[in-house]
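For reference, the structure is listed below as structure tokens.
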Amino acid sequence: MTNVVVVGSQWGDEGKGKIVDWLSERADIVVRFQGGHNAGHTLVIDGVSYKLSLLPSGVVRPGKLAVIGNGVVIDPHALLAEIDKLAAQGVKVTPENLRIADNATLILSLHRELDGIREDAASNSGTKIGTTRRGIGPAYEDKVGRRAIRVMDLADLDTLPAKVDRLLTHHNALRRGLGEAEISHQAIMDELSSVAERVLPFMDTIWLLLDRERRKGARILFEGAQGTLLDIDHGTYPFVTSSNTVAGQAAAGSGMGPGSLGYILGITKAYTTRVGEGPFPTELDDEIGRFLGERGHEFGTVTGRKRRCGWFDAALVRQSVAANGITGIALTKLDVLDGLDELKICVGYTLDGQQIDHLPASQAQQASAKPVYITLEGWKESTVGARSWADLPAQAIKYVRQVEELIGAPVALLSTSPERDDTILVTDPFED
């Protein structure tokens, strides 16, 4: 038995929700370890859809403990709204099934406002990143700047005013420079006071809790958000998120040692998508790109934004396999490729007349790199709902085997529809 870390191996939206749901049924604890409510997914359980952005997937399953680790930035208003929405669907979220790290950073209204102000200014200058405007980046900035308000601060009203003053010294200077009105000390105190009573019962010392449960033999599932190519260090900077999204962050963002992580499962879409700005070597602006978007229902769970679509990029996923130490992948949305006459896979790039096997870190070089493709025959048969290799067309199996060879990692699970049971299990990550 081992613990499992789930990470996205592309630019997010790989289908982590279904796979995490499938795995969470067998886990005892599900841990979020980075990001915020800027990425979401939909779980379908007994025909009921649950849309989650901040809460770990385990929260909708009876008998599971959901944990929000110290690596997550938490908007308390979004947290409570999500809890209330689940309550309306008959799911009770209580301190019995949800624990939140006492040292996790809070996202406040001033973070959301700053995020929006910056994006508006960047849109006018052509330097937009394409954030969700939810305050994630500004909150991480305050965390690194050692001026953040953390969950534990809600319980210490004696020292909170001085911390708010320190926070506002920074933010009001920024706002003056941007031509925006300053924020009053009382406004932030009122905002924090309005959520403290409901948030504090969930607070816990997470590293201690997880260490205790690990020693008892609990199965722990670490649930990543976004994808490797959006990692602040390893992604297509600056068109990235504001946290580390790679598997190593599961340790740092939860307070557990790296030796506790176990099986690293990379969720990998059978083609490539991206939301927002940034380089995308295999992007298709043609009829095939539109086909992938429509067949794959490529719209964001949180923002509703249309996703850009393109061919599978084995060179990028190969990089993700290395950066995460991926043990095996879950290949999703294979069924979306049904009916295409031929399929292309990117195996590298040409840059300045030279062929290279990885995407450089340089923004200018990323923009100039051109994909090098191999072409495979497609298949006309349907793979929708396939639950065994015998249900798959020969060409679909050939495509999967080619992906494995090119990325240097085996397929552990294969998903053939949004339904959780339409999954071909090759290797059980918890038993590896």
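Just so you know, glycine gets a Cβ as well, placed from its N, Cα and C.
Here is what Swiss-Prot records for this protein:
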type	residues	note
ACT_SITE	Asp13	active site, proton acceptor
ACT_SITE	His41	active site, proton donor
BINDING	12-18, 40-42, Arg307, 333-335, 415-417	GTP binding site
BINDING	Asp13, Gly40	Mg(2+) binding site
BINDING	Asp13, Glu14, Gly15, Lys16, Asn38, Ala39, Gly40, His41, Thr132, Arg146, Gln226, Thr241, Arg305	IMP binding site
BINDING	Thr301, Val302, Thr303, Gly304, Arg305, Lys306, Arg307	substrate binding site
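Locations of recorded Swiss-Prot features on the structure.
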{"residue": "Asp13", "record": "active site, proton acceptor", "contacts (Cβ under 8 Å, 6+ apart)": "Gly227, Lys269, Thr273, Val275, Glu298, Gly300, Arg307"}
{"residue": "Gly15", "record": "GTP binding site", "contacts (Cβ under 8 Å, 6+ apart)": "Ile267, Lys269, Ala330, Thr332, Lys333, Ser415"}
{"residue": "Lys18", "record": "GTP binding site", "contacts (Cβ under 8 Å, 6+ apart)": "His41, Leu43, Val44, Thr332, Ser415, Pro418, Arg420, Thr423"}
{"residue": "Gly304", "record": "substrate binding site", "contacts (Cβ under 8 Å, 6+ apart)": "none"}
{"residue": "Arg305", "record": "IMP binding site", "contacts (Cβ under 8 Å, 6+ apart)": "Val275, Gly276, Phe299"}
{"residue": "Lys306", "record": "substrate binding site", "contacts (Cβ under 8 Å, 6+ apart)": "Gly293, Glu298, Phe299"}
{"residue": "Leu334", "record": "GTP binding site", "contacts (Cβ under 8 Å, 6+ apart)": "Ala270, Thr383, Ala396, Tyr399, Val400, Leu414, Ser415, Thr416"}
Gln226 (IMP binding site) to Gly40 (Mg(2+) binding site) - Cα separation in whole Å: 9
Thr132 (IMP binding site) versus Thr42 (GTP binding site) - Cα distance in angstrom: 18
Cα distance (Å, whole number) from Thr132 (IMP binding site) to Gly12 (GTP binding site): 14
For Leu334 (GTP binding site), the three-state class that DSSP assigns: helix
Thr132 (IMP binding site) and Gly40 (Mg(2+) binding site), distance between Cα atoms, whole Å: 11
Maximum Cα-Cα separation (Å), residues Asp13, Glu14, Gly15, Lys16, Asn38, Ala39, Gly40, His41, Thr132, Arg146, Gln226, Thr241, Arg305 listed as binding IMP: 35
Count of other CB atoms lying within 10 Å of the CB belonging to Thr132 (IMP binding site): 23
The one of His41, Arg307 whose CB sees the fewest other CB atoms within 10 Å, among these recorded positions: Arg307
Among Gly12, Gly40, the most crowded of the binding-site residues [Cβ within 10 Å]: Gly12
Gly40 (Mg(2+) binding site) in three-state DSSP notation: coil
Local Cβ density at Asn38 (IMP binding site) - other Cβ atoms counted within 10 Å: 28
Least surrounded among the binding-site residues, given as Thr42, Gln226, Thr416, when other CB atoms within 10 Å are counted: Thr42
